[in-house]
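Asker: From Swiss-Prot, here are the annotated features:
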BINDING   35, 103  Mg(2+) binding site
SITE      73  site 'Interaction with target DNA'
């Protein structure tokens, strides 16, 4: 694996990420959510993609793609491992979202190219990274209250907002993916909350991928 070449690709791609608001439709009619995971000891990569109406946040479509994993796990290069499955799920959607939430990092990455940014560039869609763990940068400790907020900083640059979305839950790291500003990324996530730790787009993507009760009930209603 030529990590020097991959690192150079990341730096080049990161220079093309748009950190300003460039939504084609604002407000969006549809917001998507995406989640990626691995099965069979990492040999299979799956990606779940959901489509929600906005502002109702009603689930209207979902797709799950499973493909052979194309590269091993290497810290800092996860987007190269994840985007092929995301692309396979994306291509199956009959209606593409106007804005996509990705479970993972956006520019809050050592080379400013997490999976939300990488995939946003690939398909040229506005994306937001909604990550559960810090990858780089520093932030001031948050209070335990829901709504506590702190900027994630690295070398004098704000990479994300660290936001405690729910009491007694770890915070989320909300960042520009592509064509969405840092402040707007936070605002969109906040608009898509319904009392859970995760915003509805990525919560539904996780529910679809994991076969959670909420998704099972939704399937029963559709029959």
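Every residue, even glycine, has its Cβ placed from backbone N, Cα and C.
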Asker: Among 35, 103, the binding-site residues in question, whose Cβ has the most other Cβ atoms within 10 Å in this structure?
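Answerer: The most densely surrounded of these binding-site residues is 35.
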Asker: What is the Cβ neighbour count of residue 73 (site 'Interaction with target DNA') at a 10 Å cut-off, with all protein chains included?
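Answerer: There are 10 such Cβ atoms around residue 73 (site 'Interaction with target DNA').
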Asker: Going by DSSP, is residue 103 (Mg(2+) binding site) sitting in a helix, a strand, or coil?
Answerer: strand
Asker: For residue 73 (site 'Interaction with target DNA'), what is the secondary structure by DSSP, using just helix, strand and coil?
Answerer: coil
Asker: Using the alpha carbons only, what distance in Å do you get between residue 103 (Mg(2+) binding site) and residue 73 (site 'Interaction with target DNA') once rounded?
Answerer: 17
